[in-house]
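*Asks:* Just dropping this structure here.
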């Protein structure tokens with residue numbers, strides 16, 4: 001009788017999810033995504049515009065990335081032990097909202113101590129950058145690790161990841177729309193005006209993200225597959241289990257490379273379009289918006305696909321090839337031909353979606369039915385992502401010189417390398433790793449089950 005009940009629960013868990021559970025889950029990362037878009041696109045630019053040297057601005061970002069990386073490991077371990085995905089999610093979201101407004105809203109530590117010294121500013125921004133990333137990591141790991149515990153259906157798992165990625169694009173587009181309006185309404189004639197610009201961007205972004213959090217908490221139930229009595233593997237899986245799997249290292253490398261490609265290019269593109277291509281101030285919102293608009297459209301298409309291991313590899317390969325081509329073009333693009341950046345942004349957006357959706361899908365393929373170790377997988381892979389991105393940006397910014405107003409930049413700058421050539425090199429490496437992947441469809445019937453209706457159209 002118990003076996004019959006267990007088989008019934010297992011069969012239900014392998015059925016495709018409906019539209020509403022997928023949509024409500026997909027919006028659960030909106031606060032993280034909209035603040036992350038601002039973080040990676042404008043943090044270095046903001047800090048340098050208010051007077052920090054490029055290296056010190058990179059130290060602020062690195063402090064956040066290190067805190068983020070360490071927290072992903074801790075959050076993954078704690079969630080695997082105790083569960084409570086939504087509790088971790090809401091706690092992290094609170095920290096994100098408070099600390100994000102403290103970074104872009106001005107130097108809170110300077111206000112408390114009554115001083116505006118350079119050292120205090122650097123320490124203050126570094127501290128709140130760390131707090132922001134601690135909250136961000138708790139929210140990210142809890143949200144990502146929910147996927148494998150919400151359903152055993154492989155198509156629904158990829159649909160959840162794709163829907164999440166689609167709303168990441170919505171968040172990014174929303175951020176750039178907000179930024180475009182703020183840049184148009186508030187002219188930056190002095191340092192105080194720059195702080196005011198980003199303060200408005202931060203406050204509006206937090207408000208929008210919190211609105212979507214309400215939808216997530218109302219529409220998403222706490223997953224029960226991980227610790228329920230009907231789960232096939234109720235015992236907690238040790239770290240060593242994953243370290244013995246070659247696929248773990250392959251997926252970890254691919255996820256890290258995908259994040260390096262997207263985050264490094266996103267962090268430096270505002271410098272690239274305004275300083276290297278000499279485009280107007282609005283371009284630092286318009287070009288990223290085009291990238292994420294194309295990513296969103298591709299993500300909508302991807303979530304309707306019937307997934308298999310071969311298709312995952314093929315689309316990842318296509319995305320990496322597109323990045324190699326686009327990155328090389330960005331690297332050699334002269335400022336006189338800056339209008340070509342618009343079609344290049346479209347190619348980059350498509351490549352970003354292909355790379356990110358497929359690598360997140362590979363994470364789910366790696367976890368499979370090993371639900372009681374999934375948080376460690378997502379946490380450890382995110383640790384590699386955060387640390388590698390922080391170090392990469394710190395190294396790049398260490399070679400960047402402060403540019404005075406009107407000073408001419410050289411032909412091949414740090415922003416050219418970071419927006420074009422270096423992501424292309426990461427994409428080449430991703431192609432090599434992808435060629436070594438050996439995936440199997442553990443449940444072909446479930447993998448063939450498609451959603452009955454489109455999610456976002």
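Just so it is clear, glycine is given a Cβ too, placed from its N, Cα and C backbone atoms.
Positions annotated as transmembrane segment by TrEMBL: 87-113, 125-146, 166-188, 200-219, 247-273, 285-302, 314-333, 340-362, 417-437.
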*Asks:* Hey, would you say the transmembrane segment (166-188) packs against the transmembrane segment (417-437), going by three or more CB pairs under 8 A that are 6+ residues apart?
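*Replies:* Since fewer than 3 Cβ pairs under 8 Å link them, the transmembrane segment (166-188) and the transmembrane segment (417-437) do not come into contact.
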*Asks:* State, in range form, which of 125-146, 200-219, 314-333, 340-362, 417-437 has the highest count of Cβ pairs under 8 Å to the transmembrane segment (247-273).
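*Replies:* Counting Cβ pairs under 8 Å, the winner is 417-437.
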*Asks:* Okay, the transmembrane segment (340-362) and the transmembrane segment (285-302): do they have at least three CB pairs under 8 Å, pairs separated by 6 or more?
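*Replies:* These two segments touch.
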*Asks:* Quick test of the contact rule: Cβ under 8 Å, at least six residues beyond the ends. What residues does that give for the transmembrane segment (314-333)?
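*Replies:* Distal contacts: 254, 261, 265, 272, 277, 302, 340-341, 344, 347-348, 350-355, 357-359, 362, 412, 416-417, 419-424, 426-428, 430-431, 434.
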*Asks:* For the transmembrane segment (87-113), give me same-chain residues lying six or more residues beyond its boundaries with a C-beta closer than 8 angstroms to one of its C-beta atoms, as numbers and ranges.
*Replies:* 28, 31-32, 35, 38-39, 42-43, 46, 75, 78-79, 120-121, 123-125, 127-129, 131-132, 134-143, 195, 198-199, 201-203, 205-206, 209-210, 213, 216-217
